[in-house]
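Asker: OK, TrEMBL features for this one:
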BINDING   Q110, K126, E147, A230, A231, L232, L233, E304, D319  ATP binding site
BINDING   E147, D319  Mn(2+) binding site
DOMAIN    194-403  domain 'FAM20 C-terminal'
ACT_SITE  D299  active site
Amino acid sequence: SKLAALFQHPLYNIPIPEVTEKDKLFVVNPMEKFSLHSSGSDEWVSSSKAETLLPTGKTAYDTYPAWLKFHVGINRYELYPRQDPLMPTLLQDLATQRIVSSVQKSGGTQLKLIMTFPNYGQALFKPMKQTRDQETPIDFFYFSDFERHNAEIAAFHLDRILDFRRIPPVSGRLVNITKEIRDITTDKKLAKTFFISPAGNVCFYGECSYYCSTEHALCGKPDQLEGSMAALLPDKTLAKRHSWRSPWRRSYHKSKKAEWELNPNYCAQVRETPPYDRGHRLLDLIDMTVLDFLMGNMDRHHYETFEKFGNDTFLLHLDNGRGFGTHSRDELSILAPLRQCCSIKKSTYLRLQLLATQPYRLSDLLREALATDPLAPVLAEPHLRALDRRLAKVLEVVGRCLAR
């Protein structure tokens, strides 16, 4: 396994700083068993206030379901550890746990559902909108592109291979629209949008600002639908998150350009603006730029951080559905932060160089990682080949910066 060899490599075993109590997102009393209100809220209650819903183990931690262990493990330096023994179980749960509730997620431009499991874990379901081999039409603006379920799955694995570990776990899943959405939803608005198509397939379209209409309905075969299931982060009432507008955000306008597209010295003013004027925030943003360029994602207008950790923490790479839309073109403008700032973390640069070598070729690693997903093959081959070509272009930009 190339993947196993990669994770054994010294560059993937650089220790993180010691994690103290204040570096943990949640400080949990190890003697206290935790259970959840069966109201479906994310509020944790101690077992003295509610019956323990979970089987007892040697310690209270053993009684937690995988999603809760994932939440408890989040710290200032990483969303989950490199050699995470929990990951296979968590991905398995996302792919197989019985769905007890499906409701539409409010906000956002396209249809997404929140699905709940019997152990009170929750996942964000993004349905399949286009097939593996369809490319985004060349006349589409980035902001009117589809969100792709397979891009969410591939982005999680790519982020892990790059050793960023800033995307919550995602698994593919085949969902039964009738039994796992229509028959169990309590969402009246969603329920009104189900119908049977002329071909006899079960369809629905939900309510949202883009692509929620009969013309863009999501249809099963006859009621089986592919989608991505992403583990939800802790509820914002428990762990506040700060949303930051990206300094290299696009204009989201058909003809206007953003300031960074017009001013080649734009990075100089970013470097003087908090939070980019100290710490590693700018370098973290450049990491995210590299991830986005590799998967061709032009839609990174915001990113989030956990408020508890202030400026000194990682960025969350959420919402990656607009990646992997085109394999035949490389959108070099995504690399603007790297090109204009000429800065990159040494560890990131060394890992990128490693992933360009034959034993650790990036496309081979991602192909291997995606082979275990329930919806494999997740990406069409040309997308995997594009990764190696794009990686060479990232290294070329860094090479020019070093020469300068």
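The first residue you see is number 1, and the count goes up from there.
Cβ atoms here come from the backbone N, Cα and C positions, even for glycine.
It should be emphasised that the depicted structure is a prediction, and the values quoted were computed from it without experimental measurement.
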Asker: Could you round the CA separation between E147 (ATP binding site) and D299 (active site) to a whole angstrom and send it over?
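Answerer: With the alpha carbons as reference points, the distance is 10 Å.
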Asker: For the C-alpha pair, I'd like the distance in angstrom between L233 (ATP binding site) and D299 (active site), rounded off.
Answerer: 21
Asker: Give me the CA-CA distance between A231 (ATP binding site) and D299 (active site), in Å, as a whole number.
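Answerer: A231 (ATP binding site) and D299 (active site) have their Cα atoms 21 Å apart.
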Asker: Just counting, how many other CB atoms are there within 10 A of the CB of E147 (ATP binding site)?
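Answerer: There are 25 such Cβ atoms around E147 (ATP binding site).
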Asker: Over the domain 'FAM20 C-terminal' (194-403), what is the model's average pLDDT?
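Answerer: Looking only at the domain 'FAM20 C-terminal' (194-403), pLDDT averages out to 95.
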Asker: What Cα-Cα separation, expressed in whole Å, is found between Q110 (ATP binding site) and D299 (active site)?
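Answerer: Roughly 14 Å, rounded to the nearest whole number.
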Asker: By a simple count of other Cβ atoms within 10 Å, which of D299, D319, the recorded positions in the record, is least packed?
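Answerer: If we count Cβ atoms within 10 Å for the recorded positions D299, D319, the smallest count is at D299.
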Asker: How big is the gap, in Å, between the Cα of D319 (ATP binding site) and that of D299 (active site), rounded to a whole number?
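Answerer: Spelling it out, the Cα of D319 (ATP binding site) and the Cα of D299 (active site) are 9 Å apart.
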Asker: Find, among the binding-site residues listed as A231, L233, the one whose Cβ has the highest number of other Cβ atoms within 10 Å in the structure shown.
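Answerer: Answer returned by the neighbour count: A231.
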Asker: Just counting, how many other CB atoms are there within 10 A of the CB of Q110 (ATP binding site)?
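Answerer: Result for Q110 (ATP binding site): 19 other Cβ atoms within 10 Å.
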